[in-house]
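Taken straight from TrEMBL:
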type	residues	note
SIGNAL	1-24	signal peptide
TRANSMEM	42-65	transmembrane segment
TRANSMEM	77-96	transmembrane segment
TRANSMEM	170-189	transmembrane segment
TRANSMEM	201-220	transmembrane segment
TRANSMEM	249-271	transmembrane segment
TRANSMEM	283-302	transmembrane segment
TRANSMEM	314-333	transmembrane segment
TRANSMEM	353-375	transmembrane segment
TRANSMEM	387-405	transmembrane segment
TRANSMEM	411-429	transmembrane segment
Amino acid sequence: MEIFYIALFCSLLLLLGAVELGKSKKDRIITNAAFSSFKNNYLFVYCLMMAGDWLQGPYVYFLYTKYGFSKGDIGKLFIAGFGSSMIFGTCVGSLADKYGRKRASITYCITYILSCFTKHSPEYKVLMVGRILGGIATSLLFSAFESWLVAEHFKRGFESQWLSITFSKAVFFGNGLVAILAGLLANFLADTLSLGPVSPFDAASCFLAFGMAIIIFTWSENYGDPSEGRNLLIQFKAAASAIASDEKIFLLGAIQSLFEGSMYTFVFLWTPALSPDDEDIPHGFIFATFMLSSMIGSSLASRLMARPNIRVEWYLQIVFLVSTAALFSPVAINFFITSTGQKGGSLTPTGRLLLFAFCVFEACVGIFWPSIMKLRSQFVPEESRSTILNFFRIPVNIFVCVVLYNVDAYPITGMFGMCAGFLFLAAVLQNRLN
């Protein structure tokens, strides 16, 4: 591996240490022992859930190719996952408000474990069922757990500002550190121990089962609106009415959809952007570098949210503008700089500039997640929280399905330009929300 990658990773690691160690009393929120116990329980469960999710990422595409499926067939499997999250996941996730967020969290574990089991079969139809189950599980992951946390936090009488601690730590550990460790574990199981590409999915099932046991024995149940006459259609109408009648909720949903749509598109674009001529790049190490950048962002977010005089609505505008610049960089750099690589060669100077820009974007992602969670806890009504959170994800899933279907139809710079435009629009809407 080139010294450049190691130097970049070590530099970011030092920066993370400086951000964490440089926190003053103003950057820390004083809590109590009861809250610390509650927070640690949630974070441990959340990290187990995210480990079950992250372990599947590195080898899912490789597994499908191992079974002999073409790029087109694999694309359909991915589209099925996002489509399932949009259609079935929205319905299942919304039931959490009526039947309980704890039950929904347990359902996530069971559904994702079943999805992992399907990876043992080389049959396309079985794998398609697995993608559908995975899509449902994803909707539950991004709605039920947050809904349970917010409701339980206030039910126990904790201060609203303390939520920002849990949110920032969840992103720091669950979306950062756990992602890095999960990638290393997946590589260790599949390659080092030669257990094959299915082994990370088996490990994911174990983490999910362990987390489910903790949920069953330590979490209490909470609801949105559990009234008997409130069926799924009424919940959808109530959620749609809340979004349509409250401009802040509408803007929040639009901002989230624009940012997440750009973020998920970036996931498909960064590899061809860094290696347009099939240069030999260490994908796993670059992924770990991105996650480290995200951890720096979440650490910065915890400092920002700890300051009562700094409003989330204000600094998110800056985050979106910086994100816009970061994802517009492939367009600008390719316009002003011509750098030709060779197949199997090292990262070009242009690629190195792009890698820096992409690390900046991932840091913005790390700031975005706990910050948007904080805003959702303020503006989204408790009785329809899970339903509305799933509504927010519908445009994201539609957008990603369209991108996946047409990913080869447009030049990569055009795709990045589109994402930059979406992020700039998010900044405009955030200014209106301010």
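Cβ from N, Cα, C; glycine included.
The transmembrane segment (387-405) and the transmembrane segment (249-271) are in contact, since at least 3 Cβ pairs between them lie under 8 Å (pairs 6 or more apart in sequence). Of the two recorded stretches, the transmembrane segment (314-333) does not lie close to the transmembrane segment (170-189), with fewer than three CB pairs under 8 Å once pairs fewer than 6 apart in sequence are set aside. Using a Cβ-Cβ cut-off under 8 Å and counting only residues 6 or more beyond its ends in the same chain, the transmembrane segment (283-302) has close neighbours at 1, 5, 8-9, 12-13, 15-16, 19-20, 27, 58, 164-165, 168-169, 171-172, 175-177, 179-180, 183-184, 187, 270-271, 274, 355, 358-360, 362-371. Looking at 201-220, 249-271, 353-375, 411-429, the range that has the most CB pairs within less than 8 A of the transmembrane segment (42-65) turns out to be 201-220.
The stretch in closest packing with the transmembrane segment (170-189), judged by the count of Cβ pairs under 8 Å and taken from 201-220, 249-271, 353-375, 411-429, is 353-375. Outside the transmembrane segment (353-375), and at least 6 residues removed from its termini, the chain residues within Cβ reach (under 8 Å) are 8, 12, 146, 163-164, 167-168, 170-172, 175-176, 252, 255-256, 259, 263, 266, 270, 273-274, 286, 289-291, 293-302, 304-305, 312-313, 315-316, 319-320, 322-323, 325-327, 329-330, 333, 337, 347.
Within its own chain, the transmembrane segment (201-220) is flanked in space by residues 41, 44-45, 48-49, 51-53, 55-56, 59, 63, 102, 105-106, 109-110, 112-113, 116-117, 119, 148, 152, 185-186, 189, which lie at least six positions past its ends and keep a Cβ under 8 Å from the stretch.
Remote same-chain partners of the transmembrane segment (249-271), defined as residues 6 or more beyond its termini with a Cβ less than 8 Å from a stretch Cβ, comprise 242-243, 281, 283, 286, 290, 316, 320, 323, 327, 358, 361, 365, 368, 372, 375-376, 379-380, 388, 391-393, 395-396, 399-400, 403-404, 407, 412, 415-416, 418-420, 422-423, 425-426, 429-430, 432-433.
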